[in-house]
């Protein structure tokens, strides 16, 4: 009698494939964890990529510094695919890491008028292409508390401009001042916000 035994390999929840040329050409490498410097993996930079599983943050510079770009499941054949309608021309990524706290269904964030969680506040559990159109009184946010999940905040309405990725498991979910949003943060201007897809 012959018995067939199947061994199920756990499905990896995060995976990204990077390429050193546009349109998925050239050298390629797969990752299932953070990469603080693609140069240490014999890449000059990342020019295209595919996110197979999970959500990731790509950075303009090494050591997770510089402009941030949200990388959700899908293909990014060129720089303009990850920068979207961003007016800032960044043709490469030098480091990236997975977002472990993305939980689209249960995401919750509270935005505050001023730094240190002072002033008017608004609890958000949904995507808003324009905070002002939905009732927020100005184009700036002083501080934010991430109760659950991960969010991407944009400088302008319609998910445009600088991207700031905020997670409940970084800074304890507390972002007291706009410089904590990322090393590239230059202003407290936030006009659209959305949950990160896992």
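Placed from the backbone N, Cα and C atoms, the Cβ positions cover glycine too.
Residues or ranges marked as region 'N-terminal arm' in Swiss-Prot: 1-13.
Sequence annotations record features per position, and here Swiss-Prot assigns domain 'Beta/gamma crystallin 'Greek key' 1' to 14-53 based on sequence analysis. Per-residue pLDDT, averaged over the domain 'Beta/gamma crystallin 'Greek key' 1' (14-53), rounds to 96.
Here Swiss-Prot flags 54-100 as domain 'Beta/gamma crystallin 'Greek key' 2', drawing on sequence analysis.
According to Swiss-Prot, the S-glutathionyl cysteine annotation covers 65 (among others), on the basis of similarity to another entry. Using a 10 Å radius centred on the Cβ of residue 65 (S-glutathionyl cysteine) and all shown protein chains, the other Cβ atoms total 15.
Here Swiss-Prot flags 100 (among others) as S-glutathionyl cysteine. The Cβ of residue 100 (S-glutathionyl cysteine) lies under 8 Å from the Cβ of 14, 167, 169, each on the same chain and at least six residues away in sequence.
What Swiss-Prot records for 101-106 is region 'Connecting peptide'. Within its own chain, the region 'Connecting peptide' (101-106) is flanked in space by residues 54-55, 148-150, 167-169, 195-198, which lie at least six positions past its ends and keep a Cβ under 8 Å from the stretch.
Sequence annotations record features per position, and here Swiss-Prot assigns domain 'Beta/gamma crystallin 'Greek key' 3' to 107-148. Beyond the domain 'Beta/gamma crystallin 'Greek key' 3' (107-148), the same-chain residues lying 6 or more positions past its ends with a Cβ under 8 Å from any Cβ of the stretch are 101, 157-159, 166-168, 173-178, 187-196.
Residues or ranges marked as domain 'Beta/gamma crystallin 'Greek key' 4' by Swiss-Prot on the basis of sequence analysis: 149-197.
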